[in-house]
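To start, the structure itself, in structure tokens.
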């Protein structure tokens, strides 16, 4: 897309119109294809979407390495998702999304040049693909002659559409010149997409912004149920419930729980997956913390099991991590599992509810961002949150000697 290209507006618009569009597709064809694509890309955070995403990743991963190259992603977008039904620019779209997800993954992991996307970045990449597709819809709506360059007149003719997209433009020429950053007199897709993202033109590749009220209400109901379901207290009734729960978890009858038994119990008995799609990660963190503390107390080295003495502590850790997840997800609007400074600032009112009055958000954000990557991971957030005691009271007695269940 050269910025110096010129347009023959006399003939090219008529030619595009006679074909029904720049790639031979009519508007109706493209709408049908777009609706199918919206359903085909599993971007949501619910359990069903995650299950579809796991299966899709396996199908994309033709080499079986657990990491996807650009070629594997592009082939999958053609042969499995069939995204080429919508656009002739699929390689460009996939390349943009692949690079953004890969670069962010490398930045967080501290890796330099790894040219692969792992499962942790896969959802983010799908969100980017969706975003770029949706921006393509907007751009194509205005780009009547299919030259991949917008002229001022085309921009002005699309003003009624801008209101639908969430922007009320009063001075089209000024805005057009703002978008045309290199002053060429035409707007490229790159220039348009950079500007559109800053204006948040209802481009919500991560659908958590859509219907967020319903999601929040559902999560509140689930969270209240989970608060009651995890018997963390030291009173007689809670201990009795804990003994019964341990027996239900202990399907092998050994008096010790492996990680698989704990995870299965959290799914089938406590039903903690109603609240989050990250249950395996949460349980793994809690299991490891309780197990390691138990081994330290007992003087055992590597036993990979949790006994009843550590069971209450493990439940407390699960509760802690769930509550931290609530906090993190409240701020992480785009679902990338990374917090940006702007997201952190937008949550300042919430911080007061969580027990911290922040006056200098940038300084605190940089304090949390211990590796200086410019984004905050959940690990960084949770480590900092625990030091601030953000009303995260997994162990309701404030004690970490929960390995002693004899109390």
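The backbone N, Cα and C atoms fix where each Cβ goes, and this holds for glycine too.
Feature annotation from Swiss-Prot assigns region 'Disordered' to 1-27. The annotation region '2 X 186 AA almost perfect repeats' is assigned in Swiss-Prot to 25-399. The domain 'EF-hand 1' annotation in Swiss-Prot covers 48-83 and rests on sequence analysis. The region 'Ancestral calcium site 2' feature in Swiss-Prot is assigned to 110-121; the stated evidence is sequence analysis. As annotated by Swiss-Prot, Ca(2+) 2 binding site applies to 143, 145, 147, 154. Here Swiss-Prot flags 299-310 as region 'Ancestral calcium site 6', drawing on sequence analysis. According to Swiss-Prot, the domain 'EF-hand 5' annotation covers 319-354. According to Swiss-Prot, the feature domain 'EF-hand 6' maps to 356-391.
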Looking only at the domain 'EF-hand 6' (356-391), what are its DSSP counts of helix, strand and coil residues?
19 helix, 2 strand, 15 coil
Chain-internal residues near residue 154 (Ca(2+) 2 binding site), provided their CB is under 8 angstroms and they sit 6+ positions away:
142, 143, 144, 145
How many other Cβ atoms sit within 10 Å of the Cβ of residue 143 (Ca(2+) 2 binding site)?
23
How does the domain 'EF-hand 5' (319-354) divide up by DSSP, counting helix, then strand, then coil residues?
25 helix, 2 strand, 9 coil
If you average per-residue pLDDT over the region 'Ancestral calcium site 2' (110-121), what number do you get?
72
Residue counts (helix, strand, coil, in that order) that DSSP gives for the domain 'EF-hand 1' (48-83):
24 helix, 2 strand, 10 coil
